[in-house]
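Beneath this line is the structure, given in structure tokens, with notes to follow.
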Amino acid sequence: MANVVVVGAQWGDEGKGKIVDWLSEQADIVVRFQGGHNAGHTLVINGQTYKLALLPSGVLRPSKLSVIGNGVVFDPQAFLDEVKKLQDQGVAISPDNLRIAENVTLILPLHRELDALRENASKATAIGTTQRGIGPAYEDKVGRRAIRLMDLADLATLPPKIDRLLAHHNALRRGFSLPEFDAGKILQELTAFAPKLLPYAETVWRLLDIKRREGKRILFEGAQGALLDVDHGTYPYVTSSNTVAAQAATGTGMGPSTVGYVLGICKAYTTRVGQGPFPTELTNEIGEEIGRRGKEFGVNTGRKRRCGWFDAVLVRQTVRTCGIHGLALTKLDILDGFDSIEVCVGYMLDGKEIDHLPAGEGAQSRVEPIYETIEGWKEPTANARSWADLPAQAIKYVRRVEELVGCPIALLSTSPEREDTILVQNPFEA
């Protein structure tokens, strides 16, 4: 029996929500370990659509325990709004089935404002953030001035913490010629949040260790994708946290040895939101068609996603940086009907062939994809639930992807419905 980490193997939006929901049926606990409410995902269950951003996918299964780990940055108001929306849809959410790490960093209104100010200050310096305060909150965490959930349990300690926080933020506000934040107002807001949030507070590392020793199955749910990792992604066009699989340990307080299987999620093509390099991007009618078929718009922001062919170089790189054991390939059905399909198998950089994406921003912008053409298929793959339901050429495409990225396909998704999944290897039994 293995505890399983699920990570995006591209730039996010790979369909992690559906796969995590599908796997959560076999898990006892589902844990978020990084990011915030900037990465939304949609789940379709029995015809009902649910949109999640901050909450783990496990909340949709009442018998499971969901956990938000210390690696997450936590927006109190966004949390309460999301809980209310799901409760209105009939989803039961309470401290009985949801716990939040007591040492999680809080996102405050000042973080959201700073995020927006920076992003909108100049198009030349914009990196495409969601303006939800994620980056500034992580900055305060690393700068050792963040307000954490546990601080709400002892309100008397908050004033000096707020003063320390504002010593930094009000200096920035003055630089923007904006009025300073009022410490009293922030204290008032945090005081109001305390009774609503503290019932969920938990010493998460201890809770998970106890559950692990009891033999419970733990599913670690990543947000965004490995190519947005602050260290290993396309810097500076990345998120502000580590999104690779190793963060599952750091972001929950579990040791690395507790992770038994890493499942990477990737689309049968590639998408990206916002700025940054994208070697296989299609700016033609084919790219538009993939976007229309795949409904490639952000769950939270509604932003249109850039679309391109499958990039085996990038996914192979992610397989290495995340230690991925198996891949879940999603949205294969979007490629139905194309006469031919291109797959990137390498790059040319300044006249030389390379087998990875360089770390430098300048070099990243100069790489040119080397494509291999694969014959398409006319028969539909949508809603397939076994290999026998797939066209022969679609199976050849999947097998070629496996060869190029050096990793087996463990799951194949053919629609947003959780039942439309072909299982090759069960990650919990690997």
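Every residue gets a Cβ built from N, Cα and C, even glycine.
Sequence annotations record features per position, and here Swiss-Prot assigns active site, proton acceptor to D13 based on sequence analysis. DSSP assigns D13 (active site, proton acceptor) to coil, not to a helix or a strand.
Around the Cβ of H41 (active site, proton donor), 23 further Cβ atoms fall within 10 Å across all displayed protein chains. Annotation source Swiss-Prot lists active site, proton donor at H41, citing sequence analysis.
Classification of G40 (Mg(2+) binding site) by DSSP places it in coil, neither helical nor stranded. The annotation GTP binding site is assigned in Swiss-Prot to 12-18, 40-42, R305, 331-333, 413-415 on the grounds of sequence analysis.
The Mg(2+) binding site annotation in Swiss-Prot covers D13, G40 and is backed by sequence analysis. Around G40 (Mg(2+) binding site), taking its Cβ as the centre, 18 other Cβ atoms fall within 10 Å, counting all chains.
The IMP binding site annotation in Swiss-Prot covers D13, E14, G15, K16, N38, A39, G40, H41, T130, R144, Q224, T239, R303. Taken residue by residue with DSSP, T130 (IMP binding site) is part of neither helix nor strand, so it is coil.
The local packing around R303 (IMP binding site), expressed as other Cβ atoms within 10 Å of its Cβ over all shown chains, amounts to 14. Residues or ranges marked as substrate binding site by Swiss-Prot: V299, N300, T301, G302, R303, K304, R305.
In terms of Cα spacing, the binding-site residues Q224, R303, K304 that come within 10 Å of G12 (GTP binding site) are Q224. Distance between Cα atoms for N38 (IMP binding site) and T414 (GTP binding site): 26 Å, as a whole number. For the recorded positions D13, G40, G302, K304, R305, T414, a Cα to Cα distance of within 10 angstroms from Q224 (IMP binding site) holds for D13, G40. Distance from the CA of R303 (IMP binding site) to the CA of T42 (GTP binding site) is 15 Å. With D13, E14, G15, K16, N38, A39, G40, H41, T130, R144, Q224, T239, R303 listed as the residues that bind IMP, the site has a largest C-alpha separation of 34 Å. Comparing CA positions across the recorded positions D13, G40, H41, T130, G302, the one lying closest to L332 (GTP binding site) turns out to be D13.
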